[in-house]
Amino acid sequence: MQLSALALATLLATANAHFTVYYPGWRGDSHPTQTQGPCGGLNKIGERFKVNGKSVDVLLKTSHTSAITEYRLCLGDDCGTKSGSDGQKDFSKVLYGPINELGAGNFCMPGLPLGDLKDGQKGTIQVIMQAVDGNLYNCIDFEVDNSVDAFNAVCKNSTGVSAEAISNANAGSLAENTQGSGNSSGHAHGSSGSGSASASKTDSKSSAASGSASATSAAASSAASSAAASASATEEKNSGSLAYVNGALAIGGVVAAALLI
């Protein structure tokens with residue numbers, strides 16, 4: 001039996017896809033080399049986007065139907081300028097994850113916590129997505145400007161896009177396989193999902209939030225369960241994105257229960 005051209009194209013786009021950082025922006029177009037860590041094969045600092053020093057919304061566009069996703073941080077002027085494991089050493093701090101991102105389209109991580117950074121501080125956020133085609137990498141170079149709003153209205157999920165916590169996840173697992181060489185030019189650039197940031201509700205299938213590796217505890221798990229139950233009861237009344245942020249349940253970009261900072 002032969003596959004139709006449409007079916008084959010769909011299969012390739014699903015099996016070998018990439019992701020883009022819509023907001024605040026990425027180091028550069030990494031599609032040809034996105035399998036190369038730590039920054040998708042881009043070893044030169046790009047445009048530094050202005051972000052609030054406490055938290056930042058991150059909006060991704062992905063064509064994967066499922067991808068384990070993790071966010072990491074490096075502070076400094078030259079983060080991620082080396083290839084492979086040498087460059088990955090810069091990103092030792094896990095901001096959030098890993099979580100399981102579900103559905104193709106726009107995926108918003110609201111209120112990604114940066115701590116309490118001061119004006120003028122520079123750094124880079126690394127996003128790793130692990131899907132059927134292996135690890136994919138992108139980096140966000142930034143400079144802190146605390147006059148910038150921490151929340152952005154464009155950061156909303158596409159219809160059908162959601163995220164779920166991963167119980168007992170190893171926050172360092174995605175970074176361990178960072179490659180410094182390789183060529184992903186054979187990957188198809190999938191385009192499924194809405195290109196606009198249309199609002200939708202995000203389901204949460206887990207009552208336990210997967211916070212940063214250094215902030216897991218029985219008390220936090222219990223509190224996260226309570227937050228998830230509360231959110232479930234009011235889900236129909238809320239619109240916008242729903243995601244676990246640093247152990248807290250966030251709806252429409254607003255942290256509902258800040259459990260782990």
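If you go along the chain as it appears here, the first residue is 1 and each next one adds 1.
Note that Cβ sites are derived from N, Cα and C of the backbone, with glycine treated the same way.
The model shown is predicted, which means the values in this text are computed figures rather than measured ones.
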- Pick the one from Asp119, Asp133, Asp141, Asp145 that Swiss-Prot also lists for the Cu(2+) site with His18, His64. Asp133
- Bonded to Cys39 via a disulfide in Swiss-Prot, from among Cys108, Cys139, is Cys139
- Which site among His18, Cys39 has the most other CB atoms no more than 10 Å from its CB, taking these as recorded positions? Cys39
- Note on the structure: For Cys139 (disulfide bond), the closest of the binding-site residues by C-alpha position, picking from His18, His64, Asp133, is His18
- Rounded to the nearest Å - Cα separation of Cys108 (disulfide bond) and His18 (Cu(2+) binding site): 16
